[in-house]
Amino acid sequence: MLEIHPSYPALASLIEKYPAHRGSLFQTYNDILLAQQWRDVQVIDLGDCRRGALRGKRPKTATDPESLLHVIPCSLAESISMAWIQNVFSALDNPHSVYLAVVSDDSSIVYYKLSPGIVKPSI
Amino acid sequence: MKGRIPIRIANKRAYIWDVDDLDKVRSEHHICGLLVGTLPHLSQQNVFLGLPAQLTPEEATLLVEKEYAVFVDDTNAYPEPSLSQFQQWNAEQKRYIEHQRAALESENVKSSEVAQLVVSEEAVRKRKERELRRQQKALELRRLQEVEGDGAVHAILSQPIPTPSADVQALFSDLRPTTSSAPAQYNICIAASSSSLEWYSPESCSYSTIDAARTAGIWDFPSNLQDRARYGVFKDLWEQGYFLGGGIRFGGDYLVYPGDPLRYHSHFCATVIESPTHTIRPMEIVAHGRLGTATKKTHLFCGWDDEKKTVSYVSIEWAGFG
């Protein structure tokens, strides 16, 4: 059924390459594009991390709308590690932060901001 | 070893017993410890605790490793006193008891004066009236028994009734100062700190390194990977100038303060992750991240690499959307 969805063509190559993560990639892509209204959303291959990720900009109304942000889809049932997080940062050329999209079976998604190092809470 | 703070070890737990040492450890070395001492006769109260301060294994290990403190095996720091030491101690005790006796005697004079004031003339008159009434009642009862001729009751009542006046007199005589029968009571004072005892010799069982203390069998932290990870993270954050507290209130291992916890709120709640490959479940990120953001704290994942002996950090916050 995935194949007839309008989002499929943009995701097709990574869905075929990493079938284990197609669910979380598909849900996150749709949520970021349609619900969060991000702009210029691109799908990227994380290579060594063996999964796809997203890159885009927040809506024009957001603070700092022009910064390019990264979203890593991940299923709630997965197990990750510090090394995994480190690899993600390396694959993206060490951005100052990434958003981890945690996708549950019922397709609800939460986003958490991961930053390398000790970063003070934003007020 | 001179000038280093003694950390007394009992049952593999580390304590600081001197308030000046505690002050120094906190203000100069950014180590807080936790006051755990309570009052001997009110051991249930835990609102206001005092000395000793108990240090966490990480805190104690760090202070020794940085050469600010030494471990003292307190159990073995009290060898058997020599005869002369014991005699001296005994003489001091006797002097103290004599001192108490002298003090008590002068106090007795005062208390009897007070007693005389309390028993006013009015009270004495009333008491006499009461005594008189009771004596008359007893007399009447005895007459009644004699008339009825009840043998058994008669036998009991015919016994001399103790006159209350005699009791009262005894009471007064107790309060009167009598030099001949000075009370043979005295208090024995057991000082909270026994480090002033002549035979206390901490030098013979002090250990200035963790290895020496481990060999002596009084200390065994850090003993496994989990301990090494906890200590590695603790030390790394401490070296960056942070104060560290217990993280249980926010579900982490440490709370990380930018300065003394009495002056600052913590900015971070830290979780120790034993190795780069140690499993992290996304649910942990959600739970820690959301609680941290709600309490104005960033959650820190502190990853320990036991081969490189390094710590890497990842800060977690709620994204603000979704």
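Including glycine, each Cβ sits where the backbone N, Cα and C put it.
These come from TrEMBL:
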ACT_SITE  B:Y257  active site
ACT_SITE  B:H265  active site
ACT_SITE  B:K297  active site
DOMAIN    B:5-74  domain 'TSEN34 N-terminal'
DOMAIN    B:230-309  domain 'tRNA intron endonuclease catalytic'
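The structure, with features from TrEMBL marked on it.
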residue : record      : DSSP class
B:Y257  : active site : strand
B:H265  : active site : coil
B:K297  : active site : coil
Which of the active-site residues B:Y257, B:H265, B:K297 have a Cβ lying under 8 Å from any Cβ of chain A?
B:K297
Model confidence over the domain 'TSEN34 N-terminal' (B:5-74), averaged pLDDT:
92
What is the three-state DSSP composition of the domain 'tRNA intron endonuclease catalytic' (B:230-309), stated as helix, strand and coil residue counts?
26 helix, 23 strand, 31 coil
B:H265 (active site) to B:Y257 (active site) - Cα separation in whole Å:
6
Same-chain residues six or more away whose CB lies under 8 A from the CB of B:K297 (active site)?
B:F250, B:S266, B:H267, B:F268, B:C269
